[in-house]
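Among the features that TrEMBL reports, active site is placed at 318, 365. The Ca(2+) binding site annotation in TrEMBL covers 319, 348, 350, 399. For 478-490, the entry in TrEMBL reads compositional bias 'Low complexity'. Here TrEMBL flags 637-767 as domain 'C2'. Taken from TrEMBL, the feature region 'Disordered' covers 454-492.
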C-alpha cells in the first residue's frame, strides 16, 4: 500500500522511434580541427569512413547534438578551404552539426559534421538528442540489450558482409575455449580468428543460449508447475504473474490482478499456442518490457508539480565550472551545459571582477590556481541548454565578489538580454513577496530562470556605492567556496600562492570555504525575487518563504544533530542549500542522503566527481522524468505533521515495507575469466541504512553465467520506503568494480527480474546483468503476521488449518474414537476462527496501530469511495 497512488498514471513516455530519414542516412562532411582533415561521409546510426571501415557511436554516450551558433566551426584557413566555406550560401553555423560524446561530464569529445542543407543539420541535431535522452531507451529491457549487442556485431562486417570471429571473441569473453565450444554447438567454424561468419538472428540467439546456458530458468519453470511436462497452463501463468510478479503494495481496485483472458493475450505475445507457454516462451517473457524491474510510470514525469518550490528536492551543483579539484585545474563553460543536460536545476556561478581592459566579469574559484572563464559565455551556455532536458525552473546561485558597479551592471544586462523572457524579474501576481505567502510551484515557474543573489533593499546615496561595496564585503554572509580575491600576475610565485591557499583551507574544516560577497548593486538586486539569501540565525526567526539560507555540510550536520525536527519544519516553507566543506579540495562529496532525510532541497554536489555520493544523486533524479525535481514525502510538507529523521519507529502516515532479494545468477558480467561477487547496500534514514548488508560467495572463474544458491537478504522493516534506495553492485574477485544499479525501494517491482547494470558514470552496460528474485510488501509486526496472512488469503489459511488438523488427528484421537470426530473439526470451524481472529485483530490493532489504519483509509480506500473508519 505504500506504493499505491490515488489514480492510475497515463504514461507520457514515448518508445524509441527512428525517423526514416535517419535510417536512410544523410551526406555530411566530417572535419577535424586538430588533424585539419575533412572527408565526405554518409551518416546513419553509424558512419562510413575511409578504407571501408565503420566507426560506431553508442547513442547512450551522446551528451548533446547541436546546430546553429552553439556549434564548433572551422577556424583554420586550410580546413575552411577544404570545406569550401567561402562558397556556402547562408550562415555556416546553421549547416554545422556537433555531436558531443563522453563517458562523463568532464571528458568530452566533439564530432564535427557539416551538412549540405540547413534543414538536414537541424533534423539530425533534434532527432539525435531525442534518441539519446529517451528514458525508455536508457532503461532498456534484457531483450533489447541482447539485440543491441547483435546490432553492434552486424554493423562491423568485413567487405563481404560477414562477421569476423575475432569480433565475437572481443565482445563476449576472454575465455576462448568457451566461445569456441558455443560456436561449434551452432555448427559454426571457430578455429581461426580470421574466419568470418554468416550470423543470422536465429543463429545468434542459439549462440547466446550455448555460451550462457540458464539451468536456473528451467528449475524455476519446473517449480511453477511444469514438472513432468514441458509447458505451463494459462491458469498457472496467471497465478505466477499475480502471486509472484505483482506488487502487493498496489491497491487492488486501481491496479487489479490479471484475469485469465488478459494472461492469454500476454502469453500470445511470446508464444502463440493453445493456452500454454513453454520454457522458451517463458524465458522471452522474463526478458521483455512486460517484466522490467522499474515500472515505466516511475521513469515518467508522474509526480504532482503544483506544490510550493520548497516541497521538492532540487538537483543542485556546487562550483559548477570546475572540472577537477578545488585548488587547481581548468574551469569550463562546457560544464554548465553538461550539468544542465544531466538534469541539474541549480548551478553555481562564482563571479569576480575582470582585470582586463575590457572589464568583463569572470567566473573562477577565488584566488586559487584554477583558470578563469567568461561570465558572458557561461550565461550564453546556460541559455542554450537550460530547458533541453527539463522544462522546470532553473536557479542560478550567484556568489558575487564583483566589487565594481560597472561590471555588476554588465552582469545584470547580460542576464536580461541573453535570457530574455525566461528570466523572472518580477514576482508572480498570485505570489507577492510577503510573509506567509508560499513560494510558487515548479509548474507555475516552468521555463523560468530564477536568480539567487544578495539583494540590497535601500538605495545608497550618490557617491556611496563604492564605499558600500567594500564595507559590505567583510560583513555579508555567503555560501561561496572561494578563498581570496583573484590577484594580479605579480602576486608572487605559484609555489608561494599554493602554500598560502593550502594553509587557508586547513582552517576551513568547520566553516567551509565561505568568502565575502560584494554588496549587490541595484541592477543585480532587481533580478532577485523568490530566492533571497540571508544569514541563518535560528529556526525561530526564519519565517519568510522567499528567504533562504546556505549551510556548509558541517554546520548543517550540527543543526541536524541538535534540532532535527526544527530543521525539517524549516524546510517545509523555506529553501536550504547545503554545500561541501572547504577541506574537500579533491572535490569529493558528502552523502546527500543525510540531508534529504531532513527535507533539504538544494543539496549541492561536485558533479565532476562521480563517487558513491554522486551515484546516489544520479539515481535519485533519474526518476520523475529526469526533471530535476522530486516531490518530498507528505509528512515533510504538511504543517500538521512532525518528523524526526532519527526515528526508529513507524513514520506517521507511512506504511513501512519489508524487502527481500535473492541474487540468483549473473550474465556476461565481464569479458575476463575471473570470479565475481555481488554486494547489496541500503540507503535511507539512519534506521534503514545498511552498508554492505550482504555479499555473495565468489564464483569460480566464471563471470559469464555464475549461479548463486544462497539465502536471500531480508530488510525486515524499511521505515521510509519513499526515501530509501537499494544498491546492487558487482565486483571482480580482486575487488575491482564492474557495475551496479541503484533503485528506489518504493519503485522496485517484486518477482523474477533482470537488473541491467550501469557503470560508475551511470551509463548502461550492454551485456552485464543480474537475475534476481525480489519480494516486497507492507511491513507487518510479527504479532500480527499470522492474522494478516489469514485475511489476505483466507481459503489457503483454511486449507492449511484442515491439513494441520488431519496431521494432528493421529496423535490426538483416543483408542476407539471414530474417524468422523476428526472430520467434524473442518472448514466451518476454521472459517469461524478466522472471522473471530480478524475481529480481535482489528480491535487490538486499532488501539496499537491506529495511525497505520487511518493512513490505509486515506491513501487506499477513500480514493476508491470506500471508508472503513469514520471520525
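The backbone N, Cα and C atoms fix where each Cβ goes, and this holds for glycine too.
Under 8 Å, Cβ to Cβ, and six or more positions away along its own chain, residue 348 (Ca(2+) binding site) finds 317, 318, 319, 320, 321, 397, 399, 604. Residue environment of residue 399 (Ca(2+) binding site) contains 28 other Cβ atoms, counted within 10 Å of its Cβ in all protein chains.
Between the CA atoms of residue 365 (active site) and residue 350 (Ca(2+) binding site) there is a gap of 7 Å, rounded to the nearest whole number. Under the three-state DSSP scheme, residue 319 (Ca(2+) binding site) falls in the coil class.
The domain 'C2' (637-767) scores a mean pLDDT of 94 in the predicted structure. For the active-site residues 318, 365, the greatest number of Cβ atoms within 10 Å around a candidate Cβ is found at 365.
DSSP states for the domain 'C2' (637-767), grouped as helix (H, G, I), strand (E, B) and coil, give 3 helix, 60 strand, 68 coil. Secondary structure at residue 365 (active site), as computed by DSSP, is coil.
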